[in-house]
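K.L.:
Before anything else, here's the structure in question.
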Amino acid sequence: MDKSQNGLPFSDNASLEDKEGNDNSVTVAVRVRPFGQRELADKAVRRVVSMCGNETTVTSDNGTIHRFAYDFSFWSFDSENGDFAGQELVYNRLAQPLLSRAFEGYNTCLFAYGQTGSGKSYSIMGQGNEKVGIIPRFCKDLFFSAQQARDIKQVKISVEISFVEIYNEKIHDLLGSSKEKSGKKPTLKVREHPELGPYVEGLTTFVVNSFEDVEGWITLGNKSRATAATGMNDKSSRSHSVFTIVLAQTKTEMWEGHDHSITSKINLVDLAGSERQSQAMTISGERLREGANINKSLLTLGIVISLLSEQSAQNGRKKITCIPYRDSNLTWLLKESLGGNSKTTMIATISPANSHIEETLSTLRYPFCVNCIDKL
Ligand SMILES: Nc1ncnc2c1ncn2[C@@H]1O[C@H](COP(=O)(O)OP(=O)(O)OP(=O)(O)O)[C@@H](O)[C@H]1O
């Protein structure tokens, strides 16, 4: 029997609310995409992934069965299947609850994690008008809910966005227009405010008043994202992108005569490909450095999330004091949205094909998972 990741029993798995009504701070979902063009061109292609309920099963060539139980399993392999999970369903299950949490004042983070070409960008951003992903849907719903809150609860609402990429541990503003003499975008630094926590110094932020406003910025940000070709996916993203929404709600209590404000931060993150350097054919020195930095951020993120999950599983009885947020720029920047008063959701994207089984298994074993089982 393959060892369970942390020994927690299967039945401990729960969605946002557990049996006692406590909030789980981390929700984990797996999504399997259809075969891609390259996989279909391979005569020996075989589907090794299946799903049942919230369980994902991967069958190795030698017949070993690996079972993983998470909060959700999304079957996006074939639309003919009755359990097919399209973009809307994935959004409704994973991101919509975060929107409600944000309006309640929680900070939230949603990450897409997986190897290059497994469907992270497809899930987070989508493709064209037909296959709209999580970020545009979230923004559309956000403005709808904001209007309702203004009309019904007389709440003043402001929405501010920013969009950065972290490439090689360097932070670049995807919406800012400033350039260095060399024509390159300047590298920004994370600083820590004693009360407000970490922030990116010099980052451009925009107040947005409608979905149409935000749509323009998303398009611009996507165009700016640094991409580099790898052996596995020509448009492979070698950077993490973090789309941040700051939602500020202010209500004036007439009888008290003063304003109550709550501010929540929502981070929607498309992580860089998680594949190993050898498989991604990362050959030159520059690429090797990239790989090391990508893995450093992903490794730190895994450690941080797993420590926070451990803390949350103990209902706060065990306080872990040394969570290594500052070990990578990604986790440092997201510190306030990962720990404390926050909700985190991970979508692990995987290929269905036998040719990617090792990466699929490593994605499913990523240490974000405190509630998983991998057994014969
Ligand atoms: N659920 C899905 N349904 C249909 N097609 C999908 C799905 N997920 C991914 N694809 C297709 O697979 C290809 C790779 O997906 P995508 O670009 O999202 O991968 P990625 O994980 O973001 O890769 P990278 O790390 O290189 O950015 C795209 O052509 C996309 O259309």
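Along the chain as shown, the residues are counted starting at 1.
Each residue, glycine too, has its Cβ placed from N, Cα and C.
Worth saying up front: this structure is predicted, and the values here are computed from it rather than measured.
Residues or ranges marked as compositional bias 'Polar residues' by TrEMBL: 1-14. According to TrEMBL, the region 'Disordered' annotation covers 1-23. Among the features that TrEMBL reports, domain 'Kinesin motor' is placed at 25-373. Annotation source TrEMBL lists ATP binding site at Gly114, Gln115, Thr116, Gly117, Ser118, Gly119, Lys120, Ser121.
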K.L.:
So, three-state DSSP: helix, strand or coil for Gln115 (ATP binding site)?
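P.N.:
Coil, per DSSP.
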K.L.:
For Ser118 (ATP binding site), which residues of its chain lie six or more apart in sequence with Cβ-Cβ distance below 8 Å?
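P.N.:
Within the chain, Ser118 (ATP binding site) has Cβ neighbours under 8 Å at Arg33, Gly273, Thr349, Ile350, Ser351, His356, Glu359, Thr363.
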K.L.:
Which one, from the binding-site residues Gln115, Thr116, Ser121, has the smallest tally of other C-beta atoms lying within 10 Å of its C-beta?
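P.N.:
Taking Gln115, Thr116, Ser121 as the binding-site residues, the minimal 10 Å Cβ count falls on Ser121.
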K.L.:
According to DSSP, does Lys120 (ATP binding site) sit in a helix, a strand, or coil?
P.N.:
helix
K.L.:
Within 10 Å of each Cβ, count the other Cβ atoms, then let me know which of the binding-site residues Gly114, Gly117, Gly119 comes out lowest.
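P.N.:
Ranked by other Cβ atoms within 10 Å, the binding-site residues Gly114, Gly117, Gly119 bottom out at Gly119.
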K.L.:
When a 10 Å sphere is centred on the Cβ of Lys120 (ATP binding site), how many other Cβ atoms does it contain?
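P.N.:
A count of 28.
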